[in-house]
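Data first, discussion second: the structure below is written as structure tokens.
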Amino acid sequence: MRKRKSNLSQSSNKARSMKVARLNETFPQAELRRLEQAEREVAHRAAQTPEQSQDRRRQHAEYLASRRAAETPEQSQNRLRQHAEYLASQRAAETPEQSQARRQQNAEYLASQRADETPEQSQNRLRQHAEYLASQRAAETPEQSQARRQHHAEYLASQRAAETPEQSHARLLQQATYIASQRATETVEEAESRRRAVAERAQQRRLIFRRNTWGVFDKAAFEYDETLDYGSHNLIKIEPMNKECRFCGALKWKEEAAGMCCSGGKVALASIDEPVEPLKELFSHETDESRRFLKNIRKYNTCFHMTSFGADNIVSMPGFCPTFTIQGQVYHTIGSLLPATNTQPKFLQVYFMGDEEAQVNRRSEYVQDRVPRGEHERRFNAPTTNEIAALVVSSEQTASRDIVIQAHDDRLTRVPDTHRFYDASSTR
């Protein structure tokens, strides 16, 4: 009778055949096999009950633990290096959306894992993580340590700059609660050690502060120490502004340069005339109308702007940002220069009221008769006519302009720059 082979022999032969087949695979065939295997594994795990899934993870964790416990230090180091390289290559090929989804999924997984921890497990995890960080930082060079701190500071700054006021308030509250809970669990020796370390850092800052160099004030505004008397430093003199210039009477500090106000009497400005009525009364702050005017003076100033500014798309950055970014086309809206019949002048139109000759004479008080050195004196002659026209010959093609004309019935009409209505407004 022929001897039947055992299942072990059949399994060994099958494994040997699979190994030979994989050695002869092309790269596309190997990728296709891994993809099919991954799909089968996903389908198999999706059909598992929660108990089966938990049991599978437990067995896998025990298998990995036994494998890693038998590793030599060199094998363990090599495995960690290969895993780090694999993760780096995977993350380098990620899109921003995939990266965001991975971080979100990882954060949810960690949150669920930590929510199921007992207090002892949580304390043990934190202790192991602290020991790992301490060992990693102990092996750092000074340059690596500085680069790590700089990278961490930039990351925190970018995170906090993107926070909403509610998120910032929640973060500060959570941080205060965490510090309070940490200090509540301190022993007497730990609390004393913490206070001693804080006192030593403050004493170190005081010693550095006594140095007679300006370097001690580098970023001092961001690390303000209320225990330091900044006014007592040898390089700082806080004195009253009681030095009066003998030429113009300006008040200055003792060490301020003489030329900061009038350049030693070389610059003499005429006194500003008192405003005429009713402007004088509006600036007096003595009547209800004056107080209301001064309270809303910025709004009134805005009403008399020459033009209104606009854009297709204005991008506002998060957090405090005194500037804004414009994408698209920028345009200015300007109204009619003259009021309609039987209507009061408003906005820009008030600048074209009154006697032109009287206005010119009033402004001429501030015009210097001195001709700049090296310039031809006839370039600065007073004009002899009310209007000056010039023709500029150019072969360059200019882009079309967006011109909107306001009619007498307040309708807005867009016209080209060759329209006869535009000729009248462009010569003014």
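Quick reminder: no glycine exception, Cβ is built from N, Cα and C everywhere.
Feature annotations, courtesy of TrEMBL:
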- 31-44: compositional bias 'Basic and acidic residues' (COMPBIAS)
- 96-107: compositional bias 'Polar residues' (COMPBIAS)
- 100-167: domain 'STPR' (DOMAIN)
- 1-125: region 'Disordered' (REGION)
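Among residues of the same chain six or more beyond the compositional bias 'Basic and acidic residues' (31-44), those with a C-beta under 8 A of the stretch's C-beta atoms are 22, 25.
Counting residue by residue with DSSP, the compositional bias 'Polar residues' (96-107) contains 12 helix, 0 strand, 0 coil. Broken down with DSSP, the region 'Disordered' (1-125) shows 104 helix, 0 strand, 21 coil.
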